[in-house]
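A quick write-up on the structure given underneath.
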Protein chains: 4
Amino acid sequence: MARIGLIAAHGKTEAESLAAEVIPWLEQRGCEVLNEDELRGGARPDVIVALGGDGLIMRVAHDLPDIPILGINVGRVGFLAMTERQHWQDALQEIIDGRYEVQEGPTLEATVFRNGQAIVDAWAINDVVIRSGMQLIDVEVYIDERYVNTYPGDGMIVATPQGSTAYCMAAGGPVLAAGVGGFAVTPICAHSPIRTTLVVPKSALIELVLASEREAHLILDGVPELELQEGDVVTVRDGAHRFRLAVLEGMNFYDAFRSKFNFMIRPDAVPTLGRRGRERP
Amino acid sequence: MARIGLIAAHGKTEAESLAAEVIPWLEQRGCEVLNEDELRGGARPDVIVALGGDGLIMRVAHDLPDIPILGINVGRVGFLAMTERQHWQDALQEIIDGRYEVQEGPTLEATVFRNGQAIVDAWAINDVVIRSGMQLIDVEVYIDERYVNTYPGDGMIVATPQGSTAYCMAAGGPVLAAGVGGFAVTPICAHSPIRTTLVVPKSALIELVLASEREAHLILDGVPELELQEGDVVTVRDGAHRFRLAVLEGMNFYDAFRSKFNFMIRPDAVPTLGRRGRERP
Amino acid sequence: MARIGLIAAHGKTEAESLAAEVIPWLEQRGCEVLNEDELRGGARPDVIVALGGDGLIMRVAHDLPDIPILGINVGRVGFLAMTERQHWQDALQEIIDGRYEVQEGPTLEATVFRNGQAIVDAWAINDVVIRSGMQLIDVEVYIDERYVNTYPGDGMIVATPQGSTAYCMAAGGPVLAAGVGGFAVTPICAHSPIRTTLVVPKSALIELVLASEREAHLILDGVPELELQEGDVVTVRDGAHRFRLAVLEGMNFYDAFRSKFNFMIRPDAVPTLGRRGRERP
Amino acid sequence: MARIGLIAAHGKTEAESLAAEVIPWLEQRGCEVLNEDELRGGARPDVIVALGGDGLIMRVAHDLPDIPILGINVGRVGFLAMTERQHWQDALQEIIDGRYEVQEGPTLEATVFRNGQAIVDAWAINDVVIRSGMQLIDVEVYIDERYVNTYPGDGMIVATPQGSTAYCMAAGGPVLAAGVGGFAVTPICAHSPIRTTLVVPKSALIELVLASEREAHLILDGVPELELQEGDVVTVRDGAHRFRLAVLEGMNFYDAFRSKFNFMIRPDAVPTLGRRGRERP
């Protein structure tokens, strides 16, 4: 018997009315359905079904870490929430039948040292960012206790594979596919042409030092965590938690990448090796 | 007793005269020294000492794969040949004493299928490249049998970590530090703004299809291998060989990256966390 | 009475059958229609109507320079040929009525000096390119007799505004809108992070020196012109000819840029300041 | 008789002690020397000599617009202040003798419209920037009343040629050499691969619309001017003022670009066409 957690985006009518359909549907099929309160109370389901967009998936993964999440997209763009609303019944049937894989991604643990004392310890699913206020800042980068460079600019991004399509790609960095054992370290608007992303192994100790007096913030997954001071050392490394997505058979990162981001360069191109990407002759 | 292979760059007087110094020096310290003929005959040393530049290291790694190489730089730029000429005695003493680590990188196996038949099978240390002649070509990319996109442009690069600082970085791609479990797939001058590098796991099956009638070549480690035809499928995957460098204590990829490539953005910047990068307070 | 030149893409049935419709239509409206032979014989029309794609427009502009061209798109992508096939009657009526503007762009004159002698003098509408064969080349760049840098890589592109959306943009360079008084000098895959495009004034003297023994070609508008030798100096400057497009009222570079290149980042975005770009409240 | 304005960086001992040397030196050579108070009172010199770094030049050009400035570098990096401290006597003698050119660059006038009312009107020498606070914003771009695109990201930069080496280049944009009749419009970390800079003619009307509720600021030459609100329209166009530098014979933008920014890709490269860049055989 499957134990399914169910969380709908707060205050989103469409998500809430979908929840009202989903709950009896699951119960009729013999599932135990856990609501948000029960989940927060410590109940552990096999999978959490999130009715909302990518923002909801991120919130759930933060609050209830390590549990596989299936996102049903009730929103504008669903890159992580890969199941479109109208296919919810098929998708949930696959979950009930156990026909899914768990795609696991790393998280990042960030610790801020000020005058030798750890003053903040937090973790992120997508990225750990040092970002300047209105003025240019210098950030020193060290990998495994070796000095890499001092980057003047708008700051620095450390991204996981699942976070690489967000700020990292926006800043000119690469996309790391799921399963790549590494993190991307990408300078933001470095006032230098030397702004190549460095991809480091998952085992790396990444240290970022704010080497300017100017305003700068530590931002985790888009949420400001702390205003930094000159000399603060932010260490970033592979975190204890794992980001887990329940992936159904038809789901495909590359399809999503192409269609959700409008990345189909030639809309009329027909792939030679198969028409739908996942079925090849 | 250490068995040391010794290969000097052909026709380079400076390398050959250094070899004449190195051989007796090693023998006086009880080493067995194997020359290029013996090595090609199948003799297996602990380490091959290459007297030359990065080109020589690449040649040796191709001809005598899997054996750790220490490069002593007798040339212009030594990025892989990290030991400068004047330090050869200290470096070789460390080799004799076993005070070195072996840094291991993957290789790439490339197979070309034409009309369903494998017509070429070859391998590369740095990169497998499809590159256009004078005119724009279309290259389709598939990862693990899933269609990614069709890229019109000058071609496509698949690079290993050790190859990422070469053509991959030149084409706008990231640098993958040693130890990253992945390969970088980077379009060359894609006639589209959609040219973000995709870093894929080491286990990935990468398929590149030439989807144009125009001239294009398969190039491995900078050496042309084959003129491709429309419809040719080039599969690229983790190769059987390993690229091994003997790394001494003081060697440092990030120092080399900064100094050899003139990547010191602010020549006057002093790293906060230690003066020499590898010694921290 | 309007004098209209008419040129259809050779061997393209669709273009030729459209020509058979267009000619009597124009003559019925009192136009003098000049065919390709008459045009090549020196007859000068007010406008040349080109039935084909962007390739045809480029060919016509080369062979019959300085005459305004209206392209009717009978092909896949018409970026210069901005009138779609089904709107040909409206478009030609506007030409007959004189309701069009002539958008004028510069051309590039390229001269190759070998051992102090000018050996080739040619001109281009889009771009003058030095491009490597299989191996990396060094290109020195000088602007107005001042040394800029030596770029190791795949070569160098000098582009006009109308050419900037082609190879220049593909190599990471900017798009220059029509009317910008300048040319873009963009390195191709420079093996250095220092690959920022330099936009120089239209009056600039650009000199490119091939500083390598390796194979390299001079390519004008995508057509190979000459195999270069080490030490060859290619001077590039504003050419004598002008590239002229007849632009109708509804035509819009930015619309074309967005739609033809699939550059609509957010397909659902609705511009605040007006729905169709050219009509504002 | 030359009228020379003299302004030293405030509170910078080195600049002030240099001023104490320069004033009698100029007076002995028959110059009228105007101090900062006199200049602010409306006195108009031929040239203002600024003793300080690039920051001082920017401040002087803002406060006393349109007057040619010669910067003597008393600071870390002098890109605009191209005369090094030790050469001050030679440089000032050239000014006295009239042996200089005035290099003139445009400025940008920015007006903010809120609910149809102009609420701010200001101008900039280098760049007009809309920059997000902690979260992604949408900026719509229009050129000459035509819609270009909606860019989600960190904002948008409009840069003059003299400003292009600053934030514009940092964001991946091109460098516009002095004399290019255009402005560079560069998205900052666009969350889309479509982030190509658009260079528009100097005559263009550039309109930027903040299409998000989130925090964003208008920043001119690095100085915050206004917190923007959703729907605010920022128009940017060629300003009334001119940025004027007094340029001596030996000064060279390309040399400065290469040396000040450490842009010498191959430190050992020797230009073929002349040894010092400005002297050719």
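Each Cβ is built from the backbone N, Cα and C atoms, and glycine gets one as well.
A TrEMBL annotation is a machine prediction, not a hand-curated record.
As annotated by TrEMBL, NAD(+) binding site applies to D:Asp54, D:Gly55, D:Arg59, D:Asn126, D:Asp127, D:Asp154. According to TrEMBL, the feature active site, proton acceptor maps to D:Asp54.
In the three-state DSSP scheme, D:Asp154 (NAD(+) binding site) is classed as coil. Among the listed binding-site residues, namely D:Asp54, D:Asp127, D:Asp154, the Cβ with the most fellow Cβ atoms inside 10 Å is that of D:Asp154.
In this structure, D:Asp127 (NAD(+) binding site) is part of a beta strand by DSSP. Largest CA to CA distance in the NAD(+) binding set (D:Asp54, D:Gly55, D:Arg59, D:Asn126, D:Asp127, D:Asp154): 26 Å, whole number. Neighbour count (other Cβ atoms within 10 Å of the Cβ, all protein chains): 28 for D:Asn126 (NAD(+) binding site). Listed in sequence order, D:Ala9, D:Gly75 are the same-chain residues six or more apart from D:Gly55 (NAD(+) binding site) with CB atoms under 8 A from its CB.
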